[in-house]
């Protein structure tokens, strides 16, 4: 029985999707004005694992993750680079997809782009105005937060205590400081025509509209980074309640930050490490292993020592699996049985709010056991668990030359011709087969 921590209730709950054996999941994706940093990659990896494990449990999963390709940051960056917003957004969208594939996280079924849903956003905003949940001003359209009785339910705040967030504009013509923008009238950058003025949609409206357009109603899981809980996700809930009289999602899942030297990593602060740069130095599987060795809700303090630790751990896994794969080929072992006790442990850990650190410890134990005494069930179990975690060690193909080198090596050893034996042994060592 899968149990997950629901940020909406602040407690562990049994996972019961709205429709039996079918899961709809939406995760907030990047604003494509720059390459993602190593902290941005954490939700990409985690929710990929969520989808993989749900599929392992025989759920059908539809997974959407958006691309925010209209935003003030995109406009500012494009102007500085003297290119169009579309050119900038296209470049960094392609870069994001490329790095997501490299870290094994390109497991999306739908990747909606905000610019493809502008008409739907304008219609949505117009209906909120008609229903009294939004109002027009000279600067744009704003949402009346006071109209939502349980506003603050996700972030555990009361309206009277609200502080405006980073992405809430402090416009002087708002009714209340904490009202948030649905539409921003502007003369600068890319803009669209709407009945209340030319401009562009607010960030919070983009996601709620795309979620509704793709799934047509309440979804099972809405996810993202912990820093999106407020104001972004709170404001998505408010709009959904106003328009549809129900919450946007049944379960909300938030991933902890990855910080650099105890400081929040941020592109705007200029203290970020680009993920594309990290995986040029370290194996993408080592990055993934590092993330999964920490519980998804816990913060991670990144350092060179930390990633190097998991590079070594991954190298050990890869070497062990290659060595025993070669052994299986040599001895014509092709059984596909699993160690059922270990698989029960695996499922128990994953069912406990995706306790991946305990799964990584289980893998470490199985690797140690395998190196003590070969059991094909242990080998197959490690492969199965790693696959479900999206970690794919580079298992090398065993060629006829490799088998011949092994046989020649053994023969030379029998003949006590150690110089000749070393010649045949070296290519096997280079491949990690012995």
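Yeah, the Cβs are placed from backbone N, Cα and C, and that goes for glycine too.
Check Swiss-Prot against the ranges 8-18, 19-29, 30-40 and you find motif ''HIGH' region' recorded for 30-40. Range 264-268 is the one annotated as motif ''KMSKS' region', of 264-268, 269-273, 274-278 (source: Swiss-Prot). For the motif ''KMSKS' region' (264-268), the mean pLDDT of the prediction comes to 66.
In the three-state DSSP reading, residue 236 (Zn(2+) binding site) counts as helix. Non-local neighbourhood of residue 28 (Zn(2+) binding site): 43, 65, 66, 207, 223, 224, 225, 228, 232, 233, each in the same chain, at least six residues away, with C-beta under 8 Å from its C-beta.
Other than 28, 207, 232, 236, the residues of this chain whose Cβ falls within 8 Å of the Cβ centroid of the Zn(2+) site are, in sequence order, 203, 204, 206, 208, 222, 224, 228, 233, 235.
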